[in-house]
Amino acid sequence: MEKHPLKGNASIPMNTPASYQAVGNKVSNGEQNRTTSLSSDEGMIDIATTGNMDERIIQDEIGTVQYSTDEIPGIGQYDDFHTIDWQRDIARDRMRHRYIVKKRSNSILDLVRGAHDAWSGWLCVLLVGLVTGMVAGIIDIGASWMSDLKYGLCPQAFWLNQEQCCWSFNETSVDDKGNCSQWMMWSELITNSRTGVGAYIISYMFFIAWALLFASLAAGLVRMFAPYACGSGIPEIKTILSGFIIRGYLGKWTLIIKSVGIMLSVSAGLSLGKEGPMVHIASCIGNILSYLFPKYGRNEAKKREILSAAAAAGVSVAFGAPIGGVLFSLEEVSYYFPLKTLWRSFFCALVAAFVLRSINPFGNEHSVLFYVEYNKPWVFIELVPFVGLGIIGGAIATVFIKANIWWCRYRKTSRLGQYPVTEVLVVTAITAVIAYPNPFTRMSTSQLIYLLFSQCGVSAADGLCNYDNSPDDPGVYTAVWLLVLALLFKLITTIFTFGMKVPCGLFIPSLCLGGIVGRIVGIGMQQLAVAYPHIFIFATECASGEDCITPGLYAMVGAAAVLGGVTRMTVSLVVIMFELTGGVRYIVPLMAAAMASKWVGDALGKQGIYDAHINLNGYPFLDSKEEFAHTSLAADVMQPKRNEPLSVLTQDSMTVEDVTQLLKETEHNGFPVVVSRESQYLVGFVLRRDLSLAIENARRTVEGVQTDSLVLFSSNPSQPLGPGSSPPLKLKKILDMAPITITDQTPMETVVDMFRKLGLRQTLVTHHGRLLGVITKKDVLRYIKQIDNEDPNSVLFN
């Protein structure tokens with residue numbers, strides 16, 4: 001038997017498809033060995049045979065029915081809500097690759113197949129990048145048009161948004177108040193007036209009506225066609241990339257409804273963003289396109305390499321930040337990130353950003369969302385308020401996380417969860433009614449962030465810059481008062497909005513909250529510098545009378561602080577922020593604020609928003625960032641406990657009826673195979689799904705299999721069969737002969753590290769070679785919750 005490269009001298013797991021296992025294998029038959037090559041969909045399959053050369057299911061001289069695992073549909077796959085076995089899937093791929101390399105020198109066709117296998121990963125991520133960029137462009141254009149539809153229409157070309165309408169008719173500038181002659185407000189279309197009480201009421205009513213229409217459509221589409229399309233999707237993407245199966249979460253219907261739904265949700269004026277859902281949309285695209293390449297489509301571990309690259313492309317197109325997207329995938333969502341995945345993620349993010357830039361949905365020369373251009377350097381003393389913003393951001397983020405998780409838990413456990421569409425409509429109506437009177441909350445959140453980041457003089461609109469730098473100017477108090485109201489409104493509505501049954505992201509609301517706080521602090525610092533220009537902290541830079549403080553910079557730093565506190569990102573956050581704004585010279589303030597925010601957030605609550613939602617939903621996610629610092633042993637966690645019966649299979653003494661009965665009586669995902677119940681010496685491990693499929697397939701396709709037929713996990717039975725007995729069923733091909741094992745005295749710290757770094761689904765516990773029990777990923781998660789004084793039953797899935 002050929003040795004597996006990742007497991008030293010261990011044998012290749014026997015659940016590896018026979019098309020890859022059988023290379024070089026020979027089965028003894030009397031005095032000679034011989035192998036027969038048969039073609040299949042996956043290439044040449046070597047099947048050890050002793051009978052008819054054309055049969056794949058054959059009988060030897062003792063009448064044993066033996067299977068090639070390729071003949072059993074579904075072998076090697078996983079059920080819904082189950083964890084994958086990374087080591088098994090990686091071993092399968094290594095054997096597949098080794099087989100292809102060995103065959104490459106046989107013919108030109110095999111050489112082409114080998115070349116295709118080598119570059120199929122790059123081709124797959126290229127397609128993912130292209131499609132993600134195009135979908136993102138469509139979403140950006142659609143969301144922009146529908147958002148402006150709440151305010152008015154371009155009669156000459158209704159498909160244009162407000163900005164494009166003015167460009168099309170050679171009006172080169174349009175401010176946020178909409179003073180563009182070609183763009184008609186709803187009040188103007190009905191009453192021919194833009195001002196006055198009647199015009200205000202009509203505009204107010206249209207604003208609310210369009211918001212309710214968009215929100216009801218979004219919620220209805222999600223409920224009817226794709227329940228998985230709600231939320232941001234990042235908690236589930238993190239869980240899926242850690243090795244969990246959620247069927248349909250990355251399917252075509254989820255992709256379509258999420259893409260349409262996010263345009264509707266953003267246009268409804270809800271306090272949410274489309275950037276988080278873009279990661280989910282890109283991952284759906286990656287999952288769908290991976291099925292064009294069987295190397296990835298049929299192997300769950302390999303598929304996650306494509307999904308990691310797709311997540312990077314999602315952030316790349318969401319913010320126009322390709323490098324930040326790669327770092328986000330590495331730092332925040334990916335669980336297994338080898339170097340080649342880093343390269344492919346970089347390439348995928350690059351292609352996606354290039355396609356989006358070609359489409360140019362923002363209609364400017366920059367591919368980023370909030371490009372700003374500050375020409376003043378920051379003052380060293382400003383590091384103090386920047387760090388202060390980090391502390392404030394961490395505190396606001398903690399309040400938001402705790403409140404949102406409380407509300408989501410209440411939604412799950414109360415009758416409110418039974419009326420998701422009603423909840424969406426009520427929240428939308430309240431949001432629209434309260435938002436319209438305040439100009440800062442009436443505009444879209446992206447517009448508000450751009451306004452907060454901008455310098456005064458660039459966009460002097462909506463009261464934010466309608467003051468001169470004199471200490472007694474009442475315009476300052478008006479601007480700050482409106483910003484404080486907007487901050488409270490955005491914080492409260494985001495708490496109730498995130499988690500509703502519509503597509504909703506958290507990046508933009510978090511940036512908005514931080515931007516408002518930062519702008520308030522920036523205005524305060526600006527007024528302080530104007531009032532006291534000669535005190536020592538401002539003496540060198542501000543004594544000349546120039547405006548040395550840039551409030552927009554404070555907004556940018558505050559935005560990074562709150563987003564960092566909410567998500568607990570650090571490196572990727574800073575890179576996304578300077579790519580997002582073009583403010584490369586402000587990396588140090590951003591780093592200081594992000595670090596302070598993370599420290600405060602970790603001190604007040606250990607989980608970011610995504611980890612908190614994973615915990616709330618009970619997903620089996622083992623965080624690789626946390627440390628396990630308890631002095632327990634494997635024997636304390638294994639199932640069953642000592643002196644309790646263990647459900648096992650014996651290698652050659654159980655009948656089909658015995659195995660079927662064991663499957664009915666237990667719900668385990670797999671069974672250890674031992675020599676005998678008395679000895680309990682370990683032979684291997686077989687998955688429940690593979691065992692069930694093999695027995696069902698045998699009953700359906702093979703004559704002579706009876707309930708009293710022996711089930712063999714060995715080459716030959718230890719006892720000779722009696723005359724007239726049913727032929728045994730040989731299932732050694734589905735047996736993992738090299739399962740990961742530990743001893744009962746292994747520290748749990750080591751066990752947890754093995755689960756994290758090897759991506760294990762389960763490990764077997766032995767003592768002097770004898771089987772004692774099993775530890776699954778779910779057992780580890782439950783034990784961690786138990787020692788952290790949390791409910792261990794909150795881990796819901798396998």
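Backbone N, Cα and C define each Cβ position, glycine as well.
What TrEMBL annotates here:
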COMPBIAS  26-38  compositional bias 'Polar residues'
DOMAIN    638-701  domain 'CBS'
DOMAIN    735-792  domain 'CBS'
REGION    1-38  region 'Disordered'
TRANSMEM  119-141  transmembrane segment
TRANSMEM  197-219  transmembrane segment
TRANSMEM  253-272  transmembrane segment
TRANSMEM  278-294  transmembrane segment
TRANSMEM  306-330  transmembrane segment
TRANSMEM  380-407  transmembrane segment
TRANSMEM  419-436  transmembrane segment
TRANSMEM  479-499  transmembrane segment
TRANSMEM  511-532  transmembrane segment
TRANSMEM  552-578  transmembrane segment
Checklist outcome for this item: Listed stretches 197-219, 278-294, 306-330, 380-407, 552-578 vs the transmembrane segment (479-499), most Cβ pairs under 8 Å: range 380-407
Checklist entry - Any chance the transmembrane segment (278-294) and the transmembrane segment (119-141) have 3 or more Cβ pairs under 8 A, given the pairs are 6 or more apart in sequence? => result yes
Next on the checklist: What does the DSSP secondary structure composition of the domain 'CBS' (735-792) look like, as residue counts for helix, strand and coil?
Outcome noted: 23 helix, 18 strand, 17 coil
Checklist entry - Restricting to the same chain and to residues at least six past its boundaries, which positions have a Cβ under 8 Å from a Cβ of the transmembrane segment (197-219)? => result 146, 149-151, 185-188, 190-191, 260-261, 264-265, 267-270, 420-421, 424-425, 428-429, 431-433, 436, 442, 500-503
Checklist outcome for this item: Note: vs the transmembrane segment (119-141), the recorded stretch with the largest number of Cβ pairs under 8 Å from 253-272, 306-330, 380-407, 552-578 is 306-330
Checklist outcome for this item: For the transmembrane segment (419-436), the candidate among 253-272, 306-330, 511-532, 552-578 having the most Cβ pairs under 8 Å is 253-272
Next on the checklist: Looking only at the domain 'CBS' (638-701), how are its residues distributed among DSSP helix, strand and coil?
Outcome noted: 24 helix, 17 strand, 23 coil
